[in-house]
Every structure is written in structure tokens, then in C-alpha cells.
């Protein structure tokens, strides 16, 4: 791929996300997401391997289904209300389909199956792009419609994401798959609190992006793709290995680290909402 075409691709990804974030109309938000999705496909398929082609196909199919669900949801809502405005999503059926389509776009459980597979089939830089930048637009849309989504749907999907993310990451030796399950787990926290405090959900996802970016960049720098690689890098780059270990502990939400702060605030909010059973479950 030539530098000029790469510039166009990255510009399209940026414009697509910004368009979705700044639009108040479902059609414009959908166009932004489509532009974003189509622009990232050449990046995923850049390594000329069968794994990369498979990852590109999986990503394209899941995102296309999610986009179709978005269009269906907004169209049903327009029939009912006569309004394309994002904040006017009043129909319960439309809201449920929209919530599911956004969860599919993000890679949250129970529609998470594509995320570990796609990350495993692509490069570390592309994996970084999918787990951070590509989540911004769907999270923004969910933030905008969070008042209309039934809390039961968000909480159920959130807890399921936490469980799947936590258990799925245990059995992994591939760092990209581990980071994918970490992403699913973190989305679980974000979605759960979205029903009660959307601003806190945004803070959680921003903290996650800030912590994940250096992990991927250091893994790229050291060319580590498995846990076995990571255990041998200790001799060559002690500082980086230690930094990755501490950042991973932070991402998991261990007390003295930054990652613990949003989780503590989320648990505090759930308890103050008299959701003590739910708070115990998330711990």
C-alpha cells in the first residue's frame, strides 16, 4: 500500500469517527460508521496471509450485520415517531435492536466472538486501532441513547461481558487474544454503569484507552506476541517488560494502580443505586 493511499485510509477512519460523534441524525451516524468500517478493512488485510484475509472477512461481516441492525432500528423508530434525531429514539423495540447493534460494533458479549479472532489474525498496530479508536464511535452513540435503553439489557450484557472477558483471558498464551478478552471485560464495566451514570462510563473507557495504548506500542517495539516471548524479553529490555507487567495489572484493576479508580467509582455508584447484589457480582 502506497503512503498516499494509507493517508486516505487513516483520514477516512478519523473522519468517520468524528462524523458519527458529532451527528444528531441516525443516517449521518450510520454513514460515519460505514466509512470507518470500510476504511479499516485494507489495514486489517495488509499482511498478505490467509489469517489476515480471514480476519478481514470476519470483521466485515459482523460490522455489516451490526450496521444493518442499526438501519432497521432507526427506520422502525422513524415510522413510529417521524424523527431521525438520535435523542428521539423512543420505541422500545428499536432501542433494544440499536443497543445490540452497538454492542456488536464494540465487541461486547454476547456478540463478542469476532473480536479475539480478528485481533489474532492481524498485526499489533491494527489490534491497537480496533481495541481503542474503533470503540469511540459506538460508545458515543450508546452514551447518547443511554437514557432510553432499558437498564436490564445493559446490565445483563455488561455482567456477561465481565464474566466472559475474565474467564476467556485466563486460558490464553497469545497476547493479542488476552488483550481482546481484556477489552471485552472492560466493555462490560462500561456498559453496566452506562445505565446509571453515562459520564462514568465515558471516564472508564477513556482510562482503558490510555492504559491499552502503551501496552500495544511496547509489545510492537519488542515484537512480543505470546506470553513465552514476554518472559524472554526480561534479559534484553527489563524496563519495558516491567512497564508492560505493571500496565497489565493496572488494566485488570488492581488497587494501587490507575485502572482501579474507575472500577471503584463504578462499584460505589452501583451501591449508591441500591444495587448491592450487582456490585457483589461484579467484584
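Placed from the backbone N, Cα and C atoms, the Cβ positions cover glycine too.
Residues or ranges marked as domain 'NADH:quinone oxidoreductase/Mrp antiporter transmembrane' by TrEMBL: 23-281.
Annotation source TrEMBL lists transmembrane segment at 56-76 (among others).
Using a Cβ-Cβ cut-off under 8 Å and counting only residues 6 or more beyond its ends in the same chain, the transmembrane segment (96-115) has close neighbours at 33, 58-59, 61-63, 65-67, 69-70, 72-74, 76, 89, 130, 135, 137-139, 141-142, 145, 149-150, 153-154, 157-158, 160-161, 163-165, 180, 183-184, 187-188, 191. Summarising the annotation, TrEMBL assigns transmembrane segment to 96-115 (among others).
For 152-170 (among others), the entry in TrEMBL reads transmembrane segment. If you look at the transmembrane segment (152-170), the same-chain residues 6 or more away from its ends with a CB under 8 A from one of its CBs are 96, 99, 103, 108-110, 112, 116, 146, 177-178, 181-195, 278, 281-282.
According to TrEMBL, the feature transmembrane segment maps to 191-217 (among others). Panel annotation: around the transmembrane segment (191-217), residues 103, 108, 124-125, 127-128, 131-132, 135-136, 139, 142-143, 146, 149, 151, 154-155, 157-159, 161-162, 179, 182-183, 243-244, 247-248, 250-251, 258-259, 261-263, 265-266, 269-270, 273, 275, 278, 282 of the same chain, lying at least six beyond its termini, place a Cβ under 8 Å from a Cβ of the stretch.
The transmembrane segment feature in TrEMBL is assigned to 237-257 (among others).
Outside the transmembrane segment (237-257) by six or more residues, the chain places 182, 186, 208, 211-212, 214-215, 218-219, 221-222, 230, 263 with a CB less than 8 A from a CB of the stretch.
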